[in-house]
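Visitor: Quick one: structure below, then a few questions.
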Amino acid sequence: MKYFHEQIEAKWQKYWAENQTFAAQNNSEKPKYYVLDMFPYPSGAGLHVGHPLGYIASDIVARYKRHKGFNVLHPQGYDSFGLPAEQYAIQTGQHPEKTTKENIARYREQLDKIGFSFDWSREVRTSNPDYYKWTQWIFIQLFESYYCKQADKAFPISELVKVFEAEGNANVDLVCDDGVELFTAAEWNAFSSEKQQEILLQYRLTYLAETEVNWCPALGTVLANDEIVNGVSERGGHPVIRKKMTQWSMRISAYAERLLQGLETIDWSESIKESQRNWIGKSVGASVTFQVSSSKFQVEVFTTRPDTIFGVTFMTLAPEHELVSQITTPEQKAAVEAYVEATAKRSERERMADVKTISGVFTGAYAEHPFTNEPIPIWIGDYVLAGYGTGAVMAVPCGDERDYAFANFFKGKEGMPEIKNIFNQDISEAAFAEKSGFELVNSDFLNGLDYKSGTKKAIEELEKIKGGKAKVNYRLRDAVFSRQRYWGEPFPVYYVNGMPQMIDAKHLPIILPEVEKYLPTEDGQPPLGNATHWAWDVEKLRVTSCELIDNKTVFPLELNTMPGWAGSSWYWMRYMDAHNENEFASQDALNYWENVDLYIGGSEHATGHLLYSRFWNKFLKDRGFITPEEPFKKLINQGMILGMSAFVYRFYTIPMMGKKATGNFEDVVSRSFTSNIFVSKKLADQFENETYDTDLWSKIMKILNQQIELANSNLKEKESKFTQFTNFKTIPYHVDVNLVNSSDEISLNQLQNWMPEFNNAIFIDENGIETDKIIVGREVEKMSKSKYNVVNPDDICNQYGADTLRLYEMFLGPLEQAKPWNTAGITGVSGFLKKLWRLYFDDNGLIVTNDEPTAEMYKSLHKTIKKVTEDIENFSFNTSVSQFMICVNELAQLKCNHRKILEPLAILVSPYAPHIAEELWSQLGHKGSVSTVAFPVFEEKYLVESEKEYPVSFNGKMRFTIKLPLDLTAAQIEEIVMTDERTQTQLQGRTPNKVIIVPGKIINLVG
RNA sequence: GCGGGUAUGGUGAAAUUGGUAGACACGCCAGACUUAGGAUCUGGUGCCGCAAGGUGUGAAGGUUCGAGUCCUUUUACCCGCACCA
């Protein structure tokens, strides 16, 4: 009986689906284990072999934990709102819902082929109304909450109203917008309800405010900070500009400290934690207030070096700072305005790109030093960022390189005094930016102190004179939550006189309206502005036609939609109780499953999804909906599987750039001639490095020039001819990697079948002679359709089987490491499965006997049990596969066909290769699935050895081995070793100075 | 600039607390069988060397009887943040 994966795999996949083998129960005697994958965005391209890597790893853990007696929750779903579906809709007019559904069907088909043990009965799709109903609900909860700094948690806004009614807001310590006005209880109670609403909005955890946002004109939407990479949009790489817009924001900054502290309690990779720490960007220091001379204005700065307060030489404000226009003197007005305008014109990216150019302008105004009352000139400079701290700095050139550079650049100009040095250090060449190794001088009461004591003392003194206080600053900004897109969650919000009102939760979901086109409206409204049925009737409590808007009973609805991260910030909770219509999940389910024990996904979500999820989790905990502080206890980032691209190399000519060359570069390039000559990497390299011989060169030139002549003869009269150039290069040309899986050669025929553009191609071999086969070049790149290096898991499953795919993906290397895919190596694991099968079957059928196995067989099995158990616990899946191979090789050698060995072996293999394991299990005569059978338990007794092959080293160099009983003492070992003739040969009569014997390990003779 | 990570044969990679470097595979070489297949099986394979032997984990130094592993210095590459006050 031979092993045919085709029959086995389909059969068991069907069995699992029909029997709901992996459906998790929400209560059980067993301990719970929640293992989660980052759910995919279903793109039109389908899965490639990189996508399932993490899913295979998590599936192995899920299956293992079931064997170990856990009640395992292992769900899967789709993050199905998103930009690609919308852009496709814009191009084709197809409803995103339709394409999304099609893509999901394709994904599901591909996933099913790999044999995952997902509990599909709990599938979620973020774009389904019964899911986003609860995303909207959470938004409402955030709106109805505020954050109390003292209690360090969120509370219902209704409680805040009570506080305001009783005592106003002067004595409360709450997270809110900058510059909220102070009021007493009496004043509050006298405010109109509109005014009260306006004030409350400044405290809500999601709020509507005019803020500087990242506007991406090409995408027609705002983006969150984490959606921008190097000043351009993460998707598409479009430029992003700053723009003031009224937008919904999430007050994630309220949670900055808890998000930072929580990192200490979770088992995540150091790099992700570090990314989050960077993103949160905590810095401890002080805020200092400087009075602007002879004016009512004050400038507040944040500094991490209050100890350098006496070194303040000038101050710098960001060009966008609100005081700039108010404090500038008439004499400086023109210069300042010109500078501000020039800066505003530059994009964020430009400013980032040229950080070395120093620019700035003096405002003419002075501030007073809080201790010395000395005048301090106030400058504007674009090295100060409006978005960080207060957008203003106290410049201490002696201790800060940027201030130092700025001071030197404007040295001698009006308003730039001599640098004050407050360190007992030389600053003639550069600033002294160290935080240790100095003593403060010229610093009044700080003289003689160091960084630590000086900081403490300076803050104390500042507090005494009310000139400043200790302050912790965070880089983390509130997250913009509005997107000007169609394919996202609509807000449950309507507007009465411009003030946002929440729709009562019992009317949710507010379903995404139909629109005729998915682009913004002509007057610049988001796509939902195209909807005709998008108004809220407060009497009938339903969405109604926009024509009925009268701002009395029918009001306009919010036109923005939620960002992509909304739906993914809580989905792991929905899996716990995916079909609950009354709650986002029942209390019982939430209490039972708590949080995710193991989360596997890519590291690209470090500062996006993973931070927002922690934020929402903490919020929902504060409001008593859930109990865990953190959503994901352990996180593993699978490395990217890279594609092995294959290239042939094509000649093209470069026109001589000399006197004759006319026109710009593009013109010249357009006159270059791309030939149909393809060569191997080896030859291409020779031409790149100009190490070819002249003979070869002239042969190729001949063919090339023939082609040029031919091309010229086919040109129309007016077209300019290609000249016979003498200068040529090769360009790499991607060919489909699937054409060259098992060999490095590609034939002309293969290429012509693959793509018609190769019909006139000529291959040239290393001797300059036409050939029909050349060796391709290889390079590792990210897998992508355009690079023709995508390997489809379906193809692997069809050819080798899902079990082979699963084993091979694990066998490639450590899970967290990026690694190139190379299908050539797959025969190793494919052969392993065949070998495994042959332990159980010969040509006639099952050969398993009930005979008692030998000690060696037990040893092989138990070694494997031990190794595989440890490996899974340590997520070291690649070494497990090696161990399986070792075990099967050993058992085959031992001709083992013993049930007592082969039965546990089938269970051991089942997390990795579940289909073959199920088949073996059932062929061994068992009913039901192997997936819940107890995992074999390792027993030490089978591994106990009586002898050890000792390595014998001389001066640390291993010379020979000697087999000795393990119960010998060191002295006995020494005696035997010393009398061994090989020892005598090595020593050549010398006596060792020292003999080191570690029983059970090594023998080392020194001297 | 700051922070995180990686570096071992032709290739992917193993190596618990420091204890026989290169397990397991791919590839390659040789052979067996054969219905000549990209099947199966056996042996070999870090490098130099006929061998004895030498040498070898990015580089240099150190600790140790013994270092891929620990310490110091350094180089290259990858990732994150970045005029963050």
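Placement of Cβ uses the backbone N, Cα and C atoms for every residue, glycine included.
The domain 'Aminoacyl-tRNA synthetase class Ia' feature in TrEMBL is assigned to A:11-153, A:773-808. The annotation domain 'Leucyl-tRNA synthetase editing' is assigned in TrEMBL to A:277-462. TrEMBL lists A:782-786 with the feature motif ''KMSKS' region'. Marked as ATP binding site by TrEMBL: A:Lys785. Annotation comment: TrEMBL describes A:857-969 as domain 'Methionyl/Valyl/Leucyl/Isoleucyl-tRNA synthetase anticodon-binding'.
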Visitor: With every protein chain in view, what's the tally of Cβ atoms within 10 Å of the Cβ of the residue listed as 'ATP binding site', excluding that atom itself?
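Guide: The Cβ of the residue listed as 'ATP binding site' has 11 Cβ neighbours within 10 Å.
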Visitor: Of the residues in the domain 'Methionyl/Valyl/Leucyl/Isoleucyl-tRNA synthetase anticodon-binding' (A:857-969), how many are helix, strand and coil by DSSP?
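Guide: Tallying H, G and I as helix, E and B as strand, the rest coil: 61 helix, 18 strand, 34 coil.
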Visitor: Using a Cβ-Cβ cut-off of under 8 Å, list the residues of the same chain that are 6+ residues beyond the ends of the domain 'Aminoacyl-tRNA synthetase class Ia' (A:773-808) and lie near it.
Guide: 5-6, 8-9, 45-52, 56, 59-60, 110, 113-115, 640-649, 678-682, 684, 732, 734-738, 740, 744-748, 763-765, 820-821, 823, 825-826, 828-830, 832-833, 881, 884, 912-916
Visitor: Do you know the DSSP helix, strand and coil residue counts for the domain 'Aminoacyl-tRNA synthetase class Ia' (A:11-153)?
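Guide: Its residues divide into 71 helix, 16 strand, 56 coil.
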Visitor: What does the DSSP secondary structure composition of the domain 'Aminoacyl-tRNA synthetase class Ia' (A:773-808) look like, as residue counts for helix, strand and coil?
Guide: 17 helix, 9 strand, 10 coil
